[in-house]
Amino acid sequence: MVAELTALRDQIDSVDKALLDLLAKRLELVAEVGEVKSRYGLPIYVPEREASMLASRRKEAEALGVPPDLIEDVLRRVMRESYTSENDKGFKTLCPELRPVVIVGGKGQMGRLFEKMLGLSGYTVKTLDKEDWPQAETLLSDAGMVIISVPIHLTEQVIAQLPPLPEDCILVDLASVKNRPLQAMLAAHNGPVLGLHPMFGPDSGSLAKQVVVWCDGRQPEAYQWFLEQIQVWGARLHRISAVEHDQNMAFIQALRHFATFAYGLHLAEENVNLDQLLALSSPIYRLELAMVGRLFAQDPQLYADIIMSSESNLALIKRYYQRFGEAIALLEQGDKQAFIASFNRVEQWFGDHAKRFLVESRSLLRSANDSRP
């Protein structure tokens with residue numbers, strides 16, 4: 001039996017090595033694709049191409065008796081690596097006549113990411129940090145674009161302290177709140193103004209499939225090329241007004257981060273045994289715990305700034321607290337029927353999204369379980 005098992009495992013090892021050879025060949029081809037895309041200014045990520053390719057491979061897998069979900073999982077991971085590989089090949093310069101780009105806060109993580117992407121796209125990039133401020137007027141005197149990438153609580157102050165910029169200079173900020181920084185930029189500069197919010201962390205590796213929100217400020221025709229450049233990097237652009245942006249971010253960021261903070265605080269105060277929780281956890285709880293731990297591995301100032309960026313955030317969090325109290329009252333009353341009625345009402349509100357989220361979450365949970373030690 002042992003000899004038979006060993007022989008089969010040896011065959012599996014041979015197949016795995018053949019897979020490695022094929023993956024290496026695919027990455028070589030991807031590198032060539034990256035060079036072509038870079039030369040012609042084509043975006044890294046083309047959703048139609050990806051969807052068509054995955055649909056074809058799923059059909060072919062089914063015909064071979066291979067689970068379609070398996071080949072899709074494998075290909076999605078391979079494509080993620082491919083996007084990172086293409087990233088390193090550089091990008092076409094869509095505005096070759098642009099004067100130097102100056103990133104204020106260029107030593108921060110997001111500032112460094114934009115410095116890297118703009119550099120890969122052939123632009124001259126300079127950075128301006130607090131120790132360089134005495135030279136700010138000189139550094140900014142011939143800037144073609146200035147990107148503000150500083151902590152939220154400093155954004156408006158830094159914008160107000162900018163020396164006069166060239167009239168055609170594009171002033172951009174990357175803050176995760178938009179209305180007040182946008183108004184500050186419009187007041188500080190008479191030229192083109194653009195508000196951006198990258199909806200991802202600086203450790204993403206590639207901008208492929210990442211969302212970048214933009215809010216028009218002034219003279220959008222002057223920065224249209226920059227939006228197109230971001231699309232070439234592979235990102236998905238979403239346009240919204242600054243006011244609507246901040247209203248949505250109250251849910252996406254402020255409320256979510258506060259709830260995560262409160263849950264982490266509760267775990268710490270209860271002094272639970274984390275190792276034991278992890279050993280006993282289901283995939284969904286392990287994933288949730290990872291998201292909580294991830295928050296506390298990052299900069300507390302950033303999250304304090306996001307959560308406390310407006311009074312409307314506090315009002316929303318208070319309403320959440322109130323509904324928590326209403327839900328606890330159901331438990332205190334032992335009213336299962338009222339609980340079920342509330343559950344069904346929320347289910348109806350989610351509509352078809354609930355079933356779609358159920359399907360989407362399955363793949364996330366499988367992946368979380370696969371990576372379990």
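Glycine is no exception: its Cβ is also placed from the backbone N, Cα and C atoms.
Annotated domain 'Chorismate mutase' per Swiss-Prot: 1-90, in sequence order. What Swiss-Prot lists as domain 'Prephenate/arogenate dehydrogenase' is 99-361.
Residue counts for the domain 'Chorismate mutase' (1-90) under DSSP, helix first, then strand, then coil, are 76 helix, 0 strand, 14 coil. Restricting the average to the domain 'Chorismate mutase' (1-90) gives a pLDDT of 89.
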